[in-house]
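Comments concern the structure below.
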Amino acid sequence: MTSLLVIVVLVLLAVAFWQLTKIFDLTQVGASNSDDSQIATDNDNNVQGYLMFGFLAFIYVFTIYSLLAWGDLPLHTPASEHGKDVDNLMGISFTLIFIVQAITQVLLHYFAFKYRGKKDQKALFFADNNKLEAVWSAIPAVVLAGLILYGLYAWNNIMFVDEDEDVIVIELYAQQFKWTARYAGADNVLGKANVRLIEGVNALGVDLSDPNAQDDFVVSELHVPKGKKIHFKFRSQDVLHSAYMPHFRAQMNCVPGMVTEFSFVPTYTSAEYRELPFMVEKIDRINKLRAKQSEKLVAEGKTALDPYTFDYLLLCNKICGASHYNMQMKIVVDSPEDYKKWLSDKVALVKEVKAANEPAPAEGTSSDSTAVVSDTAGAKMAMK
Ligand SMILES: [Cu+2]
């Protein structure tokens, strides 16, 4: 709010200054040897020409400064098998953009300077040149076609899931504003689900009568084993969400009424990723900032900040409502042994629902409002 006020004040000051100069100009009317002509002189054109060069220098200095100051902020080593393909594609695209922009900006500013206005200079009438147009159309067409073909090839490789392949099937369920994960269990097939079946503990609307649903279980922290292909199926309860797992270079929209998919193989456990040199450095840097901030907080009598530890995250990458920014779930990549251990104490959703419903004989009054339904389920659980 303060910054907005500052901007408003600055704009008003600029307007006031501009009006003052106009008044000043008007007071000079009629004064001898004053040049109030609206036509640019050679001197004006020279100034504008050199300003073009100044702006060119500004673009380059700012680009170099940005690279030096913030160049280490983007995501580093990918934590999935296909991640390097995405990074390659990104790297090639950025290199091309960088080279093309470096050349075209120099040309643009140089020609603006070279052909700046001069007294008595006449513009040359130049209709067209077919050869020139063919060259500058063909080069971008060939380069872009190459990029697009490579991109399609990479995307098809990433999205291909062999039906017979040994994968772990997990459903990621999006709703305002949280994620829930449903594991397909021992049969590795998710039971059917429908938003109309949402009731109490069964917050994902799983069809509990479906044989495939009998071993499905639901968790609020995603665990996956390293080195195994995970086949995610996404659903959304309400609006468009987007499941974004930046460290795995994975993103897929979650669309109400349909199931979308994405699969990848994690290549580093959470513990291994924390030990990568760039991550050790990053954690260190963040913790130094936090320590500094904590000192300030403690001096003010507030609680100090917790030290930061790295965790993989599943984020929402579609602005889906007021708490969108906080729609996230922790992802833990375990070693295969740890994953097995984690799996061992998971209770099937069917059992959970049964346990929640046991002491309530007067059932069957379903309501359209899930909030009301879950309240009664909560009450039922409390009664137990
Ligand atoms: Cu969302």
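Using N, Cα and C of the backbone, Cβ positions are placed for all residues, glycine too.
Automatic prediction, not curation, is the source of TrEMBL annotations.
As annotated in TrEMBL, transmembrane segment covers the listed stretch 133-153 rather than the other ranges in 7-27, 133-153. Note on the transmembrane segment (47-68): residues 40, 105-106, 109, 112-113, 116 of its chain, located 6 or more positions outside it, place their CB under 8 angstroms from a CB of the stretch. Taking Cβ pairs closer than 8 Å, the transmembrane segment (89-113) reaches residues 49-50, 52-53, 55-56, 59, 143, 147, 150-151, 154 in its own chain, all 6 or more past its ends.
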